[in-house]
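Asker: Please find one structure pasted underneath; my questions will follow.
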Amino acid sequence: MGARLSRSDFQWVYTDEPHTTRRKEMLQKYPQIKQLMGHDWRIAAQVILTVIIQIVMAILVQDVSWKYVWFFTYIISGTLNHSLSISFHEIGHNLAFGNLRPTANRILGFIANLPLCIPSSVTFKKYHIDHHKFQGDDMLDPDLPTYFEAWLFQSRIGKFFYIVAQPLLYAVRPLLRVPKPVTQLEVINLFIEIVFDAIIMYFLGTKSFVYLLFGTLLGLGLHPISGHFISEHYIFVEGYETYSYYGPLNYLTFNVGYHNEHHDFPNVPGYALPQLKKIAPDYYDNLPCHYSWSKVLIDFIRDPHLGPQSRIRRTIRSSALKSNNAIDMKNKHQVNEILHEVVDNNNNTHPHISKHDRKIINMKKHSSKNPSAINTNEHHTKTE
């Protein structure tokens, strides 16, 4: 049980994350993918139904014995609260009501957050977008384990507690890696959650509050669904940094298991990701994937090649921002322009020409559709 990791450091690469390039290729080959983009009302329906079930269960457990409280907390509350926490993922991408209704998405996030007893929906959105934009970046990806985590959780016992501590690590890690100012929406989220927790304690009592709170702490810790924390980006097969899961728990988790598909097209709702996979089987069927999140957790603990260090790290985007004095990311236009340059260079698209000439080339690419726009002055086998 004391065996330590055979991998002594993270795996460093000197290329950009693969999803931006793949997205462009897939849209050229399968333009019908655009029809899947948008929002899906079923996200809101599933969230509301789950919240109602949790509140009803909180009412029912207030008079049962403690042994049943803990049983229901792990089995039911752990599963449903983890599902609600994953709904933040869909809501954070505005997939419930669309980009034109951000307030509706935020309100749904507040509602989904209620049974979790810990305010997190707004904070999740604030950091999760950076995970997509800066996947694997040593400085800017808030999802990457810290070097302290990699040092502390090396043995099999350490990796067991690493999984148990996922709720804490997932909450604290972004604040340590890429701290951001507290926003007004986060304060509102906190206030709503305090009021809800107080109502539960006052009217229903301690057992009901324990059912909800520890449903979050246990459900996001040593729980089968927690396998998604490990399965998504930890290196199970050399050369691959994102993995999908195609198992039955996707029905409870908004298809978050379709993770390659989601990173390729984050504006496609989870309900439509299986259809995306069917449209482009040549891009997904030969990628290594998982079929059991429970097996992922067991393999992670037992395999000496797996651990917190089993992640890809890169500096290509943060280095580009630093060299252009934009590392604070306050000027969004400048940041986006620099990141587009990174993508172009990563794709070997005219890497040695000027920005001005590259703009002209890009405009000429689309000249057949809009001539007036031109202005010359300007394989591996599947795991498990």
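Glycine is treated like the rest: Cβ placed from N, Cα and C.
For reference, TrEMBL lists these features for the protein:
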- 5-43: domain 'Sphingolipid delta4-desaturase N-terminal' (DOMAIN)
- 43-62: transmembrane segment (TRANSMEM)
- 68-88: transmembrane segment (TRANSMEM)
- 210-230: transmembrane segment (TRANSMEM)
- 363-384: region 'Disordered' (REGION)
Asker: Averaging the per-residue pLDDT over the domain 'Sphingolipid delta4-desaturase N-terminal' (5-43), what integer do you get?
Answerer: 91
Asker: With Cβ-Cβ distances below 8 Å as the criterion, list the same-chain residues six or more beyond the ends of the transmembrane segment (68-88) that contact it, or say none.
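Answerer: Counting only partners 6 or more residues beyond its ends, the transmembrane segment (68-88) has Cβ contacts under 8 Å with 43, 46-47, 50-51, 53-54, 57, 61, 109, 112-113, 115-116, 120-121, 124-125, 128, 207, 210-212, 214-216, 218-220, 223, 225-226, 228, 252-254, 256.
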